[in-house]
Amino acid sequence: MEGKWLLCMLLVLGTTIVQAHEGHDDDMIDIEDDLDDVIEEVEDSKSKPDTSAPTSPKVTYKAPVPTGEVYFADSFDRGTLSGWILSKAKKDDTDDEIAKYDGKWEVDEMKETKLPGDKGLVLMSRAKHHAISAKLNKPFLFDTKPLIVQYEVNFQNGIECGGAYVKLLSKTPELNLDQFHDKTPYTIMFGPDKCGEDYKLHFIFRHKNPKTGVYEEKHAKRPDADLKTYFTDKKTHLYTLILNPDNSFEILVDQSIVNSGNLLNDMTPPVNPSREIEDPEDQKPEDWDERPKIPDPDAVKPDDWNEDAPAKIPDEEATKPDGWLDDEPEYVPDPDAEKPEDWDEDMDGEWEAPQIANPKCESAPGCGVWQRPMIDNPNYKGKWKPPMIDNPNYQGIWKPRKIPNPDFFEDLEPFKMTPFSAIGLELWSMTSDIFFDNFIVCGDRRVVDDWANDGWGLKKAADGAAEPGVVGQMIEAAEERPWLWVVYVLTVALPVFLVILFCCSGKKQSSPVEYKKTDAPQPDVKEEEEEKEEEKDKGDEEEEGEEKLEEKQKSDAEEDGGTASQEEDDRKPKAEEDEILNRSPRNRKPRRE
């Protein structure tokens with residue numbers, strides 16, 4: 001084991017020395033040739049700044065510009081709320097203190113912006129109602145073009161309870177933006193919302209019943225994706241809703257689909273009602289039998305069935321333990337208790353000391369009157385009941401009959417919703433500093449993607465440039481999740497442990513102590529080593545003698561001249577021919593039977 005350790009240490013040390021020695025030799029060879037260049041570089045470094053350190057790429061902000069026709073687009077980079085109208089309404093059925101929509105809005109940069117010059121709409125106050133809206137360039141009509149709504153949200157302080165969704169306000173003669181409130185008719189509501197641990201991404205549209213004219217909200221199914229990160233990571237996220245004329249829809253976050261479906265199949269409640277409904281006037285007949293099982297009417301109670309037998313009986317085999325104190329009560333008055341000074345016997349009655357466990361019973365098996373313990377009665381059967389059998393008159397669970405739905409309609413084009421002419425934010429939030437940016441309403445996917453790349457794309461690039469390296473990210477992650485430190489330690493320690501194990505592992509030699517555990521005689525290790533060394537020395541002397549003899553023979557052969565060498569050369573080919581002939585099968589003698 002010690003030899004393995006020494007070998008590992010020598011290998012590591014030797015490698016280091018060799019590398020250092022090679023580097024030193026190279027430096028000695030080149031030092032005279034490069035001396036002048038080094039002096040010049042030192043002088044240049046004094047006059048020029050050091051640019052060897054890597055610098056993070058700088059992202060320059062430029063306000064996005066729509067590359068095609070849009071119904072609405074605003075990046076807020078002009079620095080004002082121009083075009084937006086603050087609501088002056090009051091919310092119904094709410095205390096006057098919080099009924100007003102008096103929440104503050106401002107246009108400003110993010111608090112920790114990585115893209116100077118990029119401004120957005122900021123919800124500034126908490127625990128207040130906020131409402132702000134803006135007119136579209138022209139109303140959006142649901143015809144042959146898709147509808148694409150997109151905007152950015154950053155929960156700069158996280159989010160405790162509140163929403164960041166937009167409403168597309170329906171085009172109606174009554175629409176008045178300075179009276180925008182929670183009951184203002186809208187066509188679509190879309191965006192993130194959170195309260196407690198319930199994380200939502202709303203897509204709701206109001207569908208008009210063509211028969212009654214009543215509007216009903218239709219909610220998209222919940223996304224399968226985990227939405228929590230979008231609310232907690234304090235990064236800017238891009239929310240996109242795409243509605244197509246074929247009734248399909250897609251919901252994207254950061255340009256990745258998190259939900260999709262069809263307006264006809266994936267909304268709750270469904271757009272179209274059932275063709276048939278249960279008759280509300282139908283009633284179950286009195287003789288309708290819903291019992292799948294009934295008691296057997298032909299069953300008879302057995303004669304030996306005793307319904308009066310108790311479930312428990314005293315154990316007749318039990319005996320009173322020795323030392324049982326029959327005359328001692330289990331509880332006695334506390335001798336140390338005293339009547340309270342404020343005790344009024346007229347009001348509280350006669351005072352009695354509280355009961356405590358009898359100290360004499362602690363050393364005894366029990367006190368008081370001894371009673372036999374109760375055991376299960378083997379003859380107990382309980383009240384007799386006839387066995388259950390299948391009901392021959394079973395008719396199943398009754399349901400009212402189906403009748404045609406008088407309110408049935410079939411709308412195969414729910415995409416053709418109520419036109420809208422404004423976009424608004426009507427929010428309640430317990431968290432301030434919610435940042436909105438780069439709203440766009442359009443019918444061209446290419447234009448929306450260009451707008452996203454020029455706006456949100458720059459934010460993403462700036463965030464990436466400012467992010468720490470891999471080590472920094474690992475440290476940040478471990479600060480949020482301390483158990484990651486264990487993973488890091490194991491990841492580093494495991495390879496080191498394997499290297500040590502490889503270097504130090506070897507076949508374990510038996511020790512003298514182990515030899516003594518067996519009856520077989522064992523040789524003395526030291527004597528064997530001495531004998532091996534003596535044999536090795538003798539072998540070395542013999543090899544030296546043989547080498548000297550061979551050298552002497554060679555010198556004698558050289559003195560004899562070239563005659564012997566020539567004869568030897570002549571004999572070699574002949575000997576080789578004889579050997580080949582002897583190996584040939586034809587020259588072998590037949591074997592006698």
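A Cβ is built for glycine as well, from the same backbone N, Cα and C atoms used for every other residue.
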Quiz item: Among Ser75, Ser82, Ser87, which residue does Swiss-Prot name as a further Ca(2+) binder in the site formed by Asp118, Asp437?
Solution: Ser75
Practice problem: Determine, on the basis of Swiss-Prot, the cysteine among Cys8, Cys195 paired with Cys161 in a disulphide. | Solution: Cys195
Quiz item: With Swiss-Prot as the source, which of 225-258, 327-360 is set down as region 'Interaction with PPIB'?
Solution: 327-360
Quiz item: Within 10 Å of Cys367 (disulfide bond), Cα to Cα, which of the binding-site residues Ser75, Asp118, Asp437 are there?
Solution: none
Quiz item: Looking only at Cβ atoms, how many others are within 10 Å of the one on Cys361 (disulfide bond)?
Solution: 18
Self-check item: Candidate recorded positions Ser75, Asp118, Asp437, Cys503, Cys504, pick with smallest Cα gap to Cys161 (disulfide bond)
Solution: Asp437
Quiz item: Name the residues of the same chain, 6+ apart in sequence, whose Cβ is under 8 Å from the Cβ of Asp437 (Ca(2+) binding site)?
Solution: Ser75, Phe76, Asp118, Lys119, Gly120, Leu121, Tyr151, Glu152, Asn154, Thr236, Gly455
Self-check item: 8 Å Cβ shell about Ser75, Asp118, Asp437 centroid, Ca(2+) site members excluded
Solution: Ala63, Pro64, Phe76, Asp77, Lys119, Gly120, Glu152, Asn438, Gly455
Quiz item: Which entry in the list of disulfide-bonded residues, Cys161, Cys367, has its Cβ near the fewest other Cβ atoms, using 10 Å as the limit?
Solution: Cys161
Quiz item: C-alpha of Cys195 (disulfide bond) to C-alpha of Cys503 (S-palmitoyl cysteine): distance in Å?
Solution: 58
